[in-house]
Amino acid sequence: MAKPAKRVAVTGAAGQIAYSLLFRIANGDLLGKDQPVILQLLDLPQAQAAVKGVVMELDDCAFPLLAGVVITDDPKVAFKDADVALLVGARPRSKGMERKDLLSANAEIFTVQGAALNEVASRDVKVLVVGNPANTNAYIAMKSAPDLPKKNFTAMLRLDHNRALSQLAAKSGKPVASIEKLAVWGNHSPTMYPDFRFATAEGESLLKLINDDVWNRDTFIPTVGKRGAAIIEARGLSSAASAANAAIDHVRDWVLGTNGKWVTMGIPSDGSYGIPEDIIYGVPVTCENGEYKRVEGLEIDAFSREKMDGTLAELLEERDGVAHLLKN
């Protein structure tokens, strides 16, 4: 008996990340190889022709799991009964644009999208914000959707998590799949803090295997933090395929579970680890039965506290920068 189709909304559907994302969703990489999907694609009126071109390509792949496609410029159509919403589209920073202008331009987009989700999405909708500044955009959407559970709103730190895994595998000489218990704390920005104090590879402590504080402080943390800029420098374009891959990882693990393994998600704080409530902050989680659960009770040393407070300060500044644009 075939499962009923799940509705997956994707914003910024004509963009580069979506182009790497949509074919993988239609192939079953997001929700499982036995789960039919209906794609509900949102983009601006001027991008509708480009979205239609992408849909022609989706048609031409003849994906068995793709049960339907909706193309629209109306968030209320895109988010209707959505089970998953991937908020990829955001206003990019243009030359000479101040950060506060970027925040307010995105606040406008994400208040509208949050309100539309609030009105028409499934009450269990799983929302992942990919568009930057992702944590604060997720916070804005959450605050604009008072009738949906706060826990439904998440921001993507999985790209930072995966970048950190890859650096640790290269440094330790261990297979990337063998590394467990990595955490990335804070904002999806160069201030975030990749933390491998608890990490193991094939059961051995990575901290003991690598045993290099200077590498951690002066190479590892900045390399992960500035990786996006390094890719733009090398390629001339932003990291779209790796971002799409991280979005797939994030939602797949949230829906299908992590089997006890830690992953990083930006989630609304409950006050743990000294993070004020409701701030969307990257923390280690495990996922089971469609729910995430933060890893509790980790010891925070002085260096980690300083790093965690630094990225929190940036998030608080962003929150305060959009406070006047939010109703509640």
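Keep in mind that glycine also has a Cβ here, set from the backbone N, Cα and C atoms.
Sequence-distant neighbours of His188 (active site, proton acceptor) (same chain, 6+ residues apart, CB-CB distance under 8 A): Asn132, Pro133, Ala134, Asn135, Ala155, Met156, Leu157, Leu159, Asp160, Gly266, Gly282. Feature annotation from Swiss-Prot assigns active site, proton acceptor to His188; the stated evidence is sequence analysis.
Per Swiss-Prot, NAD(+) binding site is recorded for Gly12, Ala13, Ala14, Gly15, Gln16, Ile17, Ala18, Asn106, Gln113, Val130, Gly131, Asn132. Mapped onto three states, the DSSP output places Gln16 (NAD(+) binding site) in helix.
The substrate binding site feature in Swiss-Prot is assigned to Arg93, Arg99, Asn132, Arg163; the stated evidence is sequence analysis. Secondary structure at Arg99 (substrate binding site), as computed by DSSP, is helix.
Its Cβ placed at the centre, Gln113 (NAD(+) binding site) has 28 other Cβ atoms within 10 Å. Comparing Ala14 (NAD(+) binding site) with Arg99 (substrate binding site), their Cα atoms are 25 Å apart once rounded. Largest CA to CA distance in the substrate binding set (Arg93, Arg99, Asn132, Arg163): 25 Å, whole number.
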